[in-house]
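Taken from TrEMBL, the feature transmembrane segment applies to B:6-28, B:35-52, B:87-108, B:120-142, B:190-208, B:237-260, B:266-287, B:294-313, B:319-340.
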Amino acid sequence: MEQVQEKGESVMIGELFGGGVSQFVLDIIALFSIYSIVVLSLNLEAGYTGIPNFGKLLGVAVGAFTVSALSGRLAILFHNLENPSSPITYKDYVQESAKLVFEVNKWLAENPLMAILLLFLTLAIAALAGGAIGYLASYPAIRLRGDYLAITLLAMAEAVRVIGYNYPPIAGGTLGMQVPNPFAAVGENRYAAVTAFLALMVLVTYVLYSKMLCSPLGRVLRATRDNELSAESLGKDVVSYRKKVIVIGTATAAVAGALYAYYTGGVIATAYHRVAWTFWPWVMLMLGGMANNLGALVGTFIFVVMRYSIIRYKTVFEGILPFNVVWLDYMLLGIALLVVLMLRPQGVLPEKPVRTVKKTFYDADRRYKIETS
Amino acid sequence: MVAPILIDAITYSCLYILLSLGLTLTYMTTRVPNFAHASFAIIGSYITWTWVTSRIVSSIENAIEQGLDPREINVLIREFTLQPADYIAVLVLSFVVVGLVGLAQYLLVLKPLSNRGSTLIGLMIATIAVDMLIFSFINIYADYAQAYYNGVLKELSEKAGYKIPLLVKTRDFTLYAYDRLKGLNVQGSLVLLPSLVLGLLAVLQVLLTKTKIGIALRASVENPMLAEVAGVNVNRVYALAWFVSAGLAGCAGALVPLRLFTNPALGHTLIVSIFAASIVGGLNVIYGAFLGGLLVGMSETLIMNFLTLHLGLNAGYRPMIPLLIMAVMLLLLPEGIGGYEWSKFKKRVKAS
């Protein structure tokens, strides 16, 4: 199965990285953006709350599968509502997906507003589905020790992948499925437009997450991470916070997955595997620094640039290495993790105390402390 | 003659028992779920592959030197079977080699990390890193070995003057055809796996209750500090536990290609079922692994067989069954079948 995955991925990457240098830079930015969103959500779960989410794939896959399952069908529905005289009809969506998506794209190119509506609607549905499935998947083990939760989430992510692979209406089974292009109106500059949109999404996520984690919520999350018992003794419901975090994190990852599906223009279940969407984000996070959002971005950037440069300049490595470059990927992943864990477990940018919001509060607090001590 | 589905159920149950036993043991000592455990097994599978392939190739070599004709060589390849000595050699070799890999993981990765005060998350990530390393090495070896043996066969073909009808492959391979016990007309692995499991049960029982090292192991698991005070070298005991666990995984893996199609990524599919088996049995009880492995192995094969036969469900959904069992178990009995005090349950039933 892994072989198929490798092939599927290398085909996709061959398409992605075939172009010139400008295309390469665009691809790097796009992949950096998608992975940044995933890593930010992982940072919320693992870095701030201490949930070892080894099922990051779960959210990403749910997002991508939502897009593949719904986006085309919804677009056709909208099209038929608007043009009742000339509806797009189909018998088997999965079989005819390529043809239907081609027609839908033509229509979307003429109706950019509809395209934007479709994009945001599917992103919202993906987030909702991700949150719901994240809640369900973590439910059996949310009260237990972290390692049980890690195992459960890893297994549940696997389950989503198995369903996506074996139930063709979701993601076209072994053959995959085409996805409509909401950026059809832009025409030639599609990649530039998608990349700009992705970069914007990262910015939004980053700002939202930073705000959220600077709020009292962030403080509670760190407290539950550092000492569950003392947080509970202060009346904080640790389990309910964990549930919230899993829901938010998985929903965010689902948005990333949906964006990735739109970016590549197709979904195939084999492209959503544990290594790419759980282990790589973990490497990025460990590299950049847990519980530091800027660190998460830095780690993602380093990893994405390194990895895709290796793929782009694969031929150079093929001359030097005595083995297939594909395996270098896994080897580097393992070595990078071990080196970071051994030498710099806090990552490139370690966790820092949160900047307090208003100075007056801070002064009052300090005065209170001085007076009482 | 045993029904094929029962053979499958027995095979999987035994595999899961052997693998989850090691997983449970390492979890009890180091308190970290080892995500690399199933890849240990695949190392064993490739040891078997190498052993069998080199045996076949060398017998072809001998035959060519004796001047056998193409048809006789063809028969030789087709009739090749593993001898009892082969089984023993493969099992011992896998146990030792994979055991050493496990020992290395404990001594070079997990122990230094926990000495540096690494968190549970850090340790789990480290086992994933080890898994990735093992996975890449197995793949590199698979590429290399395939090229090497096919090269040897080509050379032999040239030497003999005709094409030898054997193509070596290291991915999606099975050694099913070579695994026959002469006279008994059954698969060797079918005898070996259950007897390995039963033997292990007996050995464990004696080891853990009667010998000094077994008692030291139990003591170090229960209370490392106290055990150390009593003069137990906890580190050495843990290292031994890791060696034995990995070795058992190696033995299980060595028998995998005799029944299943094997490739380097098989470990990544097996690991989920193994975790399910360990959790169902109870991650903190050694004997739980026997129950968990049996339950998960049996239900996975039998329920899936029922569903495909009677409801026409795609067999690809099979990995869902251990997951569902695990989820139900975590909800109802998170300490596992082996970890629950059944006397309490009895009392409760009597009281009501």
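Note: Cβ is positioned from N, Cα and C throughout, glycine not excepted.
In this chain, the transmembrane segment (B:266-287) lies close to the transmembrane segment (B:35-52): three or more C-beta pairs between them fall below 8 angstroms, excluding pairs fewer than 6 positions apart. Here the transmembrane segment (B:190-208) sits against the transmembrane segment (B:237-260); at least 3 CB pairs are under 8 Å, leaving out pairs fewer than 6 apart in sequence. Segment contact is absent for the transmembrane segment (B:6-28) and the transmembrane segment (B:319-340), given fewer than three CB pairs below 8 angstroms at sequence separation of 6 or more. Residues 26, 30, 34, 36, 40-41, 43-44, 47-48, 51-52, 127, 130, 134, 188, 192, 238-239, 242-251, 253-255 of the same chain lie 6 or more positions beyond the ends of the transmembrane segment (B:87-108) yet place their CB under 8 Å from a CB of it. Remote same-chain residues near the transmembrane segment (B:319-340) are listed as 269, 272-273, 275-277, 279-285, 287-289, 291-292, 295-296, 299-300, 303-304 (criterion: CB distance under 8 Å, separation of at least six residues from the stretch ends).
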